[in-house]
């Protein structure tokens with residue numbers, strides 16, 4: 001069960017990152033298909049967090065190295081993921 005859920009999450013990240021489906025469309029489908037409650041709220045929160053990801057950053061890792069490329073091209077600094085955000089030249093202090 002956990003493996004299937006993880007695969008679905010990563011497939012969702014891929015689809016959303018390429019812009020085929022936007023966060024707004026996914027949130028609308030969740031509103032229509034899921035009953036109000038914990039599961040709906042959790043699913044909407046996961047979709048929102050994944051949609052906020054910058055330059056492929058997830059869990060402090062830039063999976064496709066877009067953060068590094070972005071920072072090298074704009075500021076000539078190292079790109080470092082801080083959670084879901086990409087920061088140029090700011091090392092993690094934890």
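Residue numbers in this text run from 1 along the chain shown.
The backbone N, Cα and C atoms fix where each Cβ goes, glycine too.
Residues or ranges marked as disulfide bond in Swiss-Prot: 57-81 (among others). Classification of residue 81 (disulfide bond) by DSSP places it within a strand. Within its own chain, residue 81 (disulfide bond) has 57, 58, 60, 61, 62, 67, 87 as residues 6 or more apart in sequence whose C-beta sits under 8 angstroms from its own.
Taking Cβ-Cβ distances under 8 Å and a sequence gap of 6 or more within the same chain, the neighbours of residue 86 (disulfide bond) are 54, 55, 57, 62, 66, 67, 70, 71, 79, 80. Per Swiss-Prot, disulfide bond is recorded for 67-86 (among others).
The disulfide bond feature in Swiss-Prot is assigned to 71-88 (among others). In three-state terms derived from DSSP, residue 71 (disulfide bond) belongs to a helical segment.
Swiss-Prot lists 54-94 with the feature domain 'BetaSPN-type CS-alpha/beta', giving sequence analysis as the kind of evidence.
Per Swiss-Prot, the feature signal peptide maps to 1-18; the stated evidence is sequence analysis.
Using a 10 Å radius centred on the Cβ of residue 67 (disulfide bond) and all shown protein chains, the other Cβ atoms total 24.
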